[in-house]
Amino acid sequence: MEPEAPAGRAPAAASKLSEAVGAALQDPRRQRRLVLVIVCVALFLDNMLYMVIVPIVPYYVHAAGEKPTPTSSPKPPTPTNASAVTGNTSEPPTADLPAKPIVKPRHPRDNEDVKIGVLFASKAILQLLVNPLSGTFIDRMSYDLPLLLGLGVLFASTVMFAFAEDYATLFAARSLQGLGSAFADTSGIAMIADKYPEEPERSRALGLALAFISFGSLVAPPFGGFLHEFAGKSAPFLVLAAVSLFDALLLLVVAKPFSAAARARANLPVGTPIHRLMLDPYIAVVAGALTTCNIPLAFLEPTIATWMERTMAASEWEAGIAWLPAFVPHVLGVYLTVRLAARYPHLQWLYGAFGLAVIGASSCLVPACRSFAPLVISLCGLCFGIALVDTALLPTLAFLVDVRHVSVYGSVYAIADISYCVAYALGPIVAGHIVHSLGFAQLSLGMGLANLLYAPVLLLLRNVGLLKRSRSERDVLLDEPPQGLYDAVRLRERPMSDRGAAPRSPPGPLDACEEGDYDYYTRS
């Protein structure tokens, strides 16, 4: 009987451990911290998958381009091969001279660049097309189920990358990643805004998410190149697939998206449609700033390596490592903006305007760099400015929804994702054509000038911090409609003097509603 005692205590210990984990998950503060970890890992994974193919894709495309085809040479293969093997120099091979360059001309190299550019842009293009639908879906279904759906699609996309053998499969996997990102990124950021309603904590949580995005983008190329070189082409994608699967399982344990409580949480107030949010002038200004600040980064990434080779004779490792030091100023910009927003929350527009000015000046300085060190300093300034703009304006979007619309964040962060995708969809395709037609210096100066000119536009947001935010749609009712385009929706707390009686609203336009309509508002 004694040997059975340890075996009998094992299930009891397992049940106690599960009870302790369940009790920890019931704590709201611990639960939202776990949700923040899940979202940060999802954003990190998406950006890792976005950038990990940078050192890998040229090998795929180049290997596919070198496959022999029967139409590669107009001449019969036998004489050409015979002349190549014998290497006869006594008679001039006049018939074989034209056939030699046809095997590897310069045009396939240009065609490879076009294929790589289209492959990089396909993710952002599909994400741009799906975002209006994903934002509405997230508003209707809450945040955890769309996040789980996005992680599942990212897992399938990563597995496709691991076993892809041709360009068509790579293109399908890249486009599938855009579909998963439209759900995972938007629902993740919206979930952070919902779990952290107070402004200091919200800015801190969104800043942490932005730091994970930056870290994933910068670490991915050396990570992918190292594993591709020493462990095989499938290794980096299988590692990322395992991470996405683990993150999805953790979300199932923490959020329980298929439970009855999750279905009750999905009964959110009806969110403002995305087309109405796009017409909000404040939201439009923020979306324009997010697009403008990311255009230099999206346009420089596919063009700066070639420019470095031509102007400063940079080696491949210098072109690859030029962006790596920029991670430090990006994190510094996030930290600085979060600290300033906690002390001076009404100056978010000023932090964003200053960030646009820094981006504009850094972009204009890039063409003047003739050595590696000044270029790295300019790129660090560029990433520092992007961190200021993103960290200041992403919480502003949630605040604008709180004070001017309904506090459901799926559609508004779908607009933010659309703003990013516009830049990253145009960058890989348009940047190369601009460089070939106008020049790299003109491209950089144009982007810098656009950021400098857009910085004063953020003055339109200077009164946003003075708007009063609502407490909750469950505790307040509309008192009266807005009196002007820029007036916030004024909300008044309902009197709850008699616990047994039905809640009554102050006199207002809702008094003329039918009884059924009134019950709808009291339930919400």
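Our numbering is plain: 1 for the first residue shown, then up by one each step along the chain.
Yeah, the Cβs are placed from backbone N, Cα and C, and that goes for glycine too.
Feature annotations, reproduced from TrEMBL:
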TRANSMEM  34-61  transmembrane segment
DOMAIN    35-473  domain 'Major facilitator superfamily (MFS) profile'
REGION    66-106  region 'Disordered'
COMPBIAS  81-92  compositional bias 'Polar residues'
TRANSMEM  145-164  transmembrane segment
TRANSMEM  205-223  transmembrane segment
TRANSMEM  235-255  transmembrane segment
TRANSMEM  282-300  transmembrane segment
TRANSMEM  320-342  transmembrane segment
TRANSMEM  349-368  transmembrane segment
TRANSMEM  374-400  transmembrane segment
TRANSMEM  412-434  transmembrane segment
TRANSMEM  440-461  transmembrane segment
REGION    492-524  region 'Disordered'
Proximity verdict for the transmembrane segment (282-300) and the transmembrane segment (412-434), three or more C-beta pairs under 8 Å: yes
Close approaches to the transmembrane segment (235-255) from elsewhere in its chain (Cβ under 8 angstroms; 6 or more beyond its ends): 25, 31, 34-35, 37-38, 41-42, 45, 48-49, 52, 56, 144, 147-148, 151-152, 154-155, 158-159, 161-162, 223-224, 227-228, 262
Within the predicted model, mean pLDDT of the domain 'Major facilitator superfamily (MFS) profile' (35-473): 82
Within-chain partners of the transmembrane segment (34-61) [C-beta distance under 8 Å, separation at least 6 from its ends]: 25, 112, 115-116, 119, 123, 147, 150-151, 154, 157-158, 161, 164, 167, 170, 174, 177, 180-181, 184-185, 188-189, 191-192, 195, 205, 208-209, 212-221, 223-225, 228, 233, 236-237, 240, 243-244, 247, 250-251, 254-255, 320
Range from 145-164, 205-223, 320-342, 374-400, 440-461 with most C-beta pairs under 8 A to the transmembrane segment (412-434): 374-400
Residues of the parent chain within Cβ reach of the transmembrane segment (320-342), under 8 Å, 6 or more residues beyond its termini: 55, 199-200, 203-204, 207-208, 210-211, 214-215, 218, 221-222, 225, 301, 304-305, 308, 314, 348, 351, 355, 372, 375-376, 379-388, 390-392, 395
